[in-house]
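Written out below as structure tokens is the structure these notes cover.
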């Protein structure tokens, strides 16, 4: 008959094995990876190290078993976090360790390349593309990285995306193109690039609104002038039968529209 102490030892050994595994890190050294609770702490420290830009600490935590595709309270992965903070070396390390390059966070549905486009980090953007990021991926509103770069006015990002196959005619859930987005925020520099690459200046959104409608609505005087100079239809009607002049609230914009034959929808 087995002694009670021996049985207890066997029981404890089996119990511990359920919570602790021994693995090798990339350098070949044995390390201990323990329970889910411990890994959760490692993951939390991983996000903190990324926030601080501590490459060595990030490497150490990954070696200890932190999850390269963990999620924080914002549903960001470590790669989302590193991209949003502009930490290129950490981005490289995470991808090398198996980070999901096209992972989406749950609030906006952004992938890491969306964040690189929004923040305006060209070096990170290039690296993500080099490693296979989808330049035409969509967030939950249907926006691609090009939509977001156009909205923010990041000229260098727009150029990189177009050079790498971004669709300049792509429409989001509101059927807005990147040119609509640029018009909305008055980013003439980006609008010029888009039109030079073939963007339709009179493209229609879901409510048949053109980029000129949006520029007038948002009081973007320079954009209004630019779009007109590039062939915008000043008398285009949206779904409510309204022309850009119907939306003009600034006297200068009204005069600009009228000087090139702009009329109200009710007069056409």
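Just so it is clear, glycine is given a Cβ too, placed from its N, Cα and C backbone atoms.
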Transmembrane segment per TrEMBL sits at which of 6-23, 24-41?
6-23
Over the repeat 'ANK' (174-206), what is the model's mean pLDDT?
99
Taking helix as H, G and I and strand as E and B in DSSP, count the residues of the repeat 'ANK' (74-106) in helix, strand and coil.
16 helix, 0 strand, 17 coil
Three-state composition of the repeat 'ANK' (174-206), taking helix and strand from DSSP:
17 helix, 0 strand, 16 coil
